[in-house]
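To keep things clear, I will list the structure first and then write my remarks on it.
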């Protein structure tokens, strides 16, 4: 075995890259991942990335916010210490709604974004795991694991045929570590 | 992607015939990756002087107390709350562009959302500083929070709109910041991968390790959509609650049910005006004419006509109801507003907010950059006067003529306001230098479908309806960034 770890097909056009994915899949070559400078619609179906469940999570975070806000207001101004404001009732539900709404949004947004960062391993100072520096600029990169897929020249050929501008053989997985 | 061609009848969102993905990155990162030019330095130094003035004026207020402002026992709120509502209102356009236009799939938002959201965040910072400094004893600002305390377990009054406002503004600020920063991650990664040395390390920390793989992008889009969905009712609720600070009181001129929709429309109106004020200059100075086109400017002008007209209808309705309600105090408050000692402020507001935006019905004015820029400033002046009129004229004459008074600002009032504009511009100019002013990834999405060159290629293929092509070519005449001679032969 050579010490090549990953084969990268670098495309200048998203449609050609999609074509490249099809070509590789027709030949039963497993794709490690795809790196693009912008979201590509329809790619997740091709690569079998499952539908995100973040929306369900966001809903439950929101509900938690609603309940927490209600609990806070009820326990403080109805149970713990009633204010007498012009003889009006302490349990004034319509007055509670603005804060319940705001806290719903707050919990929903923070729960959602927090789980997104956690599930995709994004956090401040994380070492970027980048295979090709132009993947965030103008190149669409298909990465194939070279150890799992033996026939390198065939992969090269398929990528070139689909329109890859260049094909790289990387001996390190991530080039971004200094 | 290229399987679906966008209708030729839609105007292009990116102009120019030599745009590539690489060129988009280069163009947008030009101000970030190069040393600033003279225009930036002049703007920055002037803004920094303003920010310094703000620092002096706010410190003076903290040291000497609210007595250093021109408030008196009749007019207890004046420039402080005027400035607060003005800034919060300006912030609303950013969320509207990033959230509401995303839900409606308006692709023209892609090239203006980033700087509009930045504007939102900086405007809300300015607004928040007013809230803190008008408290008198800002070191006790935490008293607005429902914290367990030693005052006899007395909690905050949850029936008070001022407490609602605290929750609304802080939620709005933090959710806007999350939305903005999450959208920035791919673009910070772009800067990181093009930089070297220390610069790379710094942007690396702030990029959160973004690498643009399939799963991250897919989740990114889900997150953006949900954030847009929750930010839309949020932005409406924020100015609704700001308006309730007034509407739930029993002061004639404030006690009206029309306030929430009227304040929200006014907020969007002033926010879009501020976006235009900033972007018309930025597009020229940073050379972004191909991405922020005449189509964007015209669309924003149309929103200004719509919201300006809603505001106009609200003013007239308010006046009518003051008479129709039969409440003599309400009627007096409005007669006094338009003919009393503050008549000039009222008519200033009417002229700037209701009459002058109607000029935008004329296509020539709507498509003229200098006229649009001047009108955008006029709108912002008008919206400042709107808040001044609502606040000061309703307070200065109460039920006892013996306590009638006028409000005269001191140098501290003026300096806090002028200084807050300096703070805003300082932050905005710094933003232009360190972060991309246009969402790079989102603009790249438009290149293959909505750009001028993609449409030109479609025309050249020749399968299109001739009348549609003619209409499209005619629509290009307004673009200052399109080379018209290329279309002469088609």
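From the backbone N, Cα and C atoms, a Cβ is placed for every residue, glycine too.
For reference, TrEMBL has these:
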TRANSMEM  B:39-63  transmembrane segment
TRANSMEM  B:83-104  transmembrane segment
TRANSMEM  B:116-142  transmembrane segment
TRANSMEM  B:162-184  transmembrane segment
TRANSMEM  B:223-242  transmembrane segment
TRANSMEM  B:262-282  transmembrane segment
TRANSMEM  B:303-324  transmembrane segment
TRANSMEM  B:344-362  transmembrane segment
TRANSMEM  B:374-396  transmembrane segment
TRANSMEM  B:416-435  transmembrane segment
(Q) Would you say the transmembrane segment (B:162-184) and the transmembrane segment (B:83-104) are in contact under the rule of three or more C-beta pairs closer than 8 Å, pairs 6 or more apart in sequence? (A) yes
Q) With the transmembrane segment (B:223-242) as the reference, which stretch in B:262-282, B:303-324, B:374-396 has the largest tally of C-beta pairs below 8 Å? A) B:262-282
(Q) Would you say the transmembrane segment (B:374-396) and the transmembrane segment (B:303-324) are in contact under the rule of three or more C-beta pairs closer than 8 Å, pairs 6 or more apart in sequence? (A) yes
**Q.** Selected stretch (most C-beta pairs under 8 A with the transmembrane segment (B:374-396)) from B:39-63, B:116-142, B:162-184, B:344-362, B:416-435
**A.** B:344-362
Q: Flag the pair the transmembrane segment (B:162-184) / the transmembrane segment (B:262-282) as in contact if three or more Cβ pairs fall under 8 Å (sequence separation 6 or more).
A: no
